[in-house]
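Notes for the one structure printed next.
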Amino acid sequence: MNSISKVRKLGKYFLIIDNMFVVIGFYAVFPLISIHFVEQLGWTAFLVGFALGLRQFIQQGLGIIGGAFADKLGAKPMIVSGLFMRTIGFIIMSLAHTPTLLCAACILSALGGTLFDPPRTALVIKLIRPWKLGRFYSILMLEDSICAIIGITLGSWLLQQYNFQLVCLTGAILFFIAGMFNAWRLPAYKISSSHLSLLDGIKQVLHNQKFIIYTLTLSGYYILSAQVMLMLPIRMHEISGQLSYIKYIYITEAILSLLLIIPITYWMEKYFKLETRLMLGLVIMIISLSPIGSVNNLYELLILISLFYIGSIVAEPARETLSALLTNYKARSSYIGFNKLSLALGGTLGYSGGGWLYDLGKELNFYQLPWIALSIIGTITVLILYYQFRYCSIQPSLYTD
C-alpha cells in the first residue's frame, strides 16, 4: 500500500472515531433542551427556539470565516480549539436558569462549532476519493443514527434520574474527550491545496454566484430538518405523555438507517442523478410532515416520522455529495464554510419560526399550523431547486488535488 493510500485509509478510520464522540455529545444534550426548558420549566417554545436558532445561525453563518482560517492555518488547531470551546459552552448551559445564560451557552457552543465544523467536513472531502464520497457519507449517516440513539438514550436517562445539569456536563465531557483525541492523534493536515490568502479564499467563493444561490436555496431543506430537534420531540411528548418516549424518534432513525441507508444509496447511485435524489427525498419529507399536527396516535406519529427519515436517507447523501463536488479544492474549507450558511438560515428560521408558529397554533387552537407552513416552505424549495438544476446549469464537477 503506497503512502497516500495509507494516509487516506487511516484518515477514514480517524474520521469515524472522531465523529462518534462528537455526535454522542451533541445528541446527549441538544434534543433535550426543548423538553427541559419548554415542557419542564414552562418557557415558551419561541424563546427556546430563538436560543437554538441563534446557535445555528452563529455557527453556520460564520462558517465561511472559520473555513477560511482553516484553509490558512490547517485543520488541527481549528478543530481542537473548537471542541474545547463547545465543552465550555455546555458547562455554562448546565448553569442556565435564565434566557440570557441559555443564549450565552448557545453562542459559545456555536463559536466552537464555527471553528471545528468546516475543517472536519473538508477533511472528508480531502481524504475520500470523489467517487466514493456518496458511500462514505452513507456510512457517516449510519454512524450518526446509531450514535444519536446512544446520545439521546444517555441524555434522557440522566434527565429522568438526575437533572439537566448532569446532562450538560456529560456532553461537555464527551466534547473534551474529542478535543483531546484530536490533539493527540490528528496529523497537521493542510486542507487547501493552494496558498490563497484569507480574503482571497472568501472572494473566490463569493464570485461563484451559482454556488451562492444553490446554498441559499438549501435553507428550505434545513428548515424542515431542524424540527428533529424542536417540534418532533415536543409532539412526541404531547402524544405519549412520557419523556422516555422521545428516544423512539432516534431509535426509528437508527433502525431505518441500519436497514435502508446502504441499499438505498447504492441503488439510487445507479439509476438517479444527485439532483433527482435530493429533490425526491425532500418531497418525501414534505409528505410526512404535512399531517403530523392532526395525528393523536403514537403509532401513526411513528409512521410519519419513519417516512420523514426515509426522505432524509434519500436526500442527505445526495445533498452532501453535491455540495462537496461543487467546491473548489483551492479554497475547500471556505466553500464548505459558506455552504453552512444554508444551515444557518434554515436552522434559525426553523427553530425560531417553528417555535413561534407552534405557540401561535396552540393559542389559536390550530395545531396543524406549523406543519402546514413547513409543507409550503418545502414545496417552494423543491420548485426553486428544480428550476436551478433544469435551467441554470448547476452541475457538480470533480475538482481534485
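Indices start at 1 and increase along the chain as displayed.
Heads up, the Cβ atoms here are built off N, Cα and C, so glycines get one too.
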Among 320-340, 341-361, indicate the range for which Swiss-Prot gives the feature transmembrane segment.
341-361
Dominant neighbour of the transmembrane segment (164-184) in 34-54, 211-231, 248-268, 341-361, by Cβ pairs under 8 Å:
34-54
Cβ contacts under 8 Å made by the transmembrane segment (34-54) with residues that lie 6+ beyond its boundaries:
99, 102-103, 106-107, 110, 159, 164, 167, 226, 229-230, 233-234, 237, 243, 246, 347-356, 358-359
Short question: which residues 6 or more past the ends of the transmembrane segment (248-268) have a Cβ under 8 Å from it?
27, 31, 134-135, 138-139, 141-142, 144-146, 148-149, 151-153, 228, 232-233, 236, 277, 302, 305-306, 309-310, 313-314, 317-318
Need a quick answer: max count of Cβ pairs under 8 Å to the transmembrane segment (211-231), which of 139-159, 275-295, 341-361, 366-386 is it?
341-361
